Amino acid sequence: MQLLLSSVCMALTSAVIGFAYYQKQQFYPAVVYITKSNASMGVIYIQFFVIVFMFGKLLSKIFLGTLRAAEFEHLLERFWYALTETCLAFTVFRDDFNPRFVALFTVLLFLKSFHWLAEERVDFMERSPVLGWLFHIRVGSLLTVLGILDYVLLIHAYNSTLVRGPTVQLVFGFEYAILLTVIASTAIKYVLHAAEMRTDTPWENKAVFLLYTELVIGLIKVVLYILFVVIMAKIYALPMFVFRPMFFTIRNFRKALNDVIMSRRAIRNMNTLYPDATPEELRQSDNICIICREDMVNHSKKLPCGHIFHTTCLRSWFQRQQTCPTCRLNILRTPTVNSTAMPRQGDEAVAAAAGNPIPAAAGVQPAGGVPPPAPTAVVDGNQARADVNVAGGQALPPNFADLFGDASGLPNGLPNLAGLQIPPPPVMPMISPFMIPPHFGYLTPLPPPPIPQDLTNFTDEELRAMEGLQRDHIVQRLKLLQNINLMLDSAGIMMSQYQSLSARLQLTAVTPATAVNGSADSSVYDMPSTSATAMAQLETHQVTPTAAASSASPTMPAEKVTIEDLGADADEDDIPSTATEAVSIPNSDADFEENSSELGELRKRRLKFLEERNKSAATNERTTAE
């Protein structure tokens with residue numbers, strides 16, 4: 001594609017030059033003809049850009065070799081922004097717009113492109129494990145050539161401004177000054193990376209030098225941009241084309257300054273606040289530093305989160321980030337919870353030997369059994385932190401055994417909750433009983449600690465000793481409240497299940513009547529009681545023998561169903577008679593829908609009768625037993 005475009009441009013240029021020479025027959029008149037023709041100048045400009053592009057490809061092959069995909073992508077992104085800024089610069093210097101002006105801006109964009117490629121290649125140098133001598137020759141030669149060109153063009157613009165006054169060379173001088181700072185920063189990075197590659201161990205101070213280099217270069221760029229904007233605003237107009245690069249320069253300088261301040265603070269905290277890792281801690285944890293992937297023998301630091309790293313690796317890491325490399329904990333915050341990387345033997349004994357700051361009163365069990373916060377265990381170098389937010393009422397579910405073991409040390413085994421004002425814990429939403437299995441043995445928690453029978457006999461000192469004022473006591477109260485809430489929720493769910501089960505058993509406790517027409521003794525009570533179809537079958541099959549006999553004859557009208565047919569023989573006075581009420585036995589779904597109200601009333605009366613009979617039978621049994 002590139003070869004085709006180059007061939008087309010070359011053919012058009014040859015045609016334009018040949019046509020001009022054919023018209024004028026002399027060199028000078030032909031040149032004048034081409035310069036006066038806009039179409040001819042357009043073709044010449046295109047050919048000039050093609051030549052510059054091909055020359056750039058040649059220099060890229062010489063100094064850089066094959067470009068990587070990331071380098072080419074970043075080059076295109078920056079080039080389009082630079083081209084837009086160049087078009088804005090044309091509007092400021094529209095009076096000076098001529099072929100020489102276009103050529104100068106083309107050369108500027110050409111040099112900017114190679115500055116960007118050199119910067120990308122030096123950054124890649126830090127990530128590449130093996131670099132040959134050809135790489136160093138290419139990068140060193142490119143940096144040298146670019147530095148010389150920037151300096152020469154800067155001096156030329158400076159001299160031109162002194163001789164001719166403020167012209168367009170002022171803009172080019174400023175641009176080449178910025179490019180000179182860029183090439184200086186790139187050269188310093190290259191020297192630092194090359195020096196580190198010559199050593200077997202990582203260079204500890206390289207990150208510090210890089211950080212301060214970015215800070216100084218950023219400061220110089222900010223000063224240059226501010227001076228250029230002030231000068232251009234006084235002489236020409238406000239230079240809109242430098243606002244975008246000036247904004248990014250100020251932002252990068254601010255970031256570099258913030259990195260310097262934060263890194264110094266982090267390193268100071270590391271040297272003063274964080275203890276050195278002991279050999280025992282190194283043995284109990286994974287003694288491989290995840291930054292350099294080497295074993296940690298000595299000179300290691302333990303962060304507040306419990307992770308251990310080399311001191312030199314942490315110093316280099318803190319130059320860029322002020323967080324733990326493993327868990328991303330912000331190490332600049334003041335540590336509030338003392339954590340350990342792995343639980344050690346003897347911690348429980350030390351915690352049990354800790355005394356209670358509140359003196360025990362006479363006749364009261366000492367409250368020294370209240371343990372301090374247990375050390376947080378971290379598995380595989382990761383910290384499992386459980387922060388109790390008293391203000392928000394949020395806490396992790398506690399262990400019942402640990403809770404009641406801690407509370408046993410207080411008088412009567414229960415801390416007093418009086419005077420503690422905390423928001424209620426979040427209420428667990430009630431779950432439908434049909435969505436939970438019928439077995440709930442695993443939901444039943446341990447019983448709460450025993451409650452003192454009479455609190456009025458306790459003195460003020462005893463009550464204060466029971467209540468407690470330390471963080472441990474508050475945490476235990478919150479845990480106890482959460483356990484109570486869990487037990488209440490479990491009780492509510494169990495009661496819902498019991499109610500639904502008892503209602504179902506009342507429906508299935510009735511013995512089915514004799515089958516109609518000698519049918520098999522299949523029971524309809526095994527079906528769910530909530531099904532409308534099952535209810536219809538239940539009412540159809542629960543008719544008395546009299547009703548069954550009447551239903552056997554299809555030509556006979558519907559018989560009357562009385563309470564005697566349901567089995568009433570002793571308590572007729574308690575049940576209102578239904579001898580005068582005629583109820584049709586449904587033979588289809590339509591008949592059942594028409595007589596649903598009568599069947600429902602009949603069913604209610606029958607259930608009431610069964611309840612009364614069961615009560616009387618139970619009373620007779622108790623009387624007989626007495």
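Start at 1 and count along the chain as shown; that gives each residue its number.
The backbone N, Cα and C atoms fix where each Cβ goes, and this holds for glycine too.
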From Swiss-Prot's topology annotation, check whether S285 and S160 share a side of the membrane.
yes
DSSP assigns the residues of the topological domain 'Lumenal' (189-222) as 26 helix, 0 strand, 8 coil
Sort out the residues at least 6 away from either end of the topological domain 'Lumenal' (16-38), same chain, that have Cβ-Cβ distances under 8 Å to it, and list them.
44
Same-chain residues at least 6 beyond the ends of the topological domain 'Lumenal' (189-222) with a Cβ under 8 Å from one of its Cβ atoms are 122-123, 125-126, 131, 136, 139-140, 143, 178, 181, 246, 249-250, 252-253, 256-257, 259-260, 263, 292, 312, 315-316, 319-320
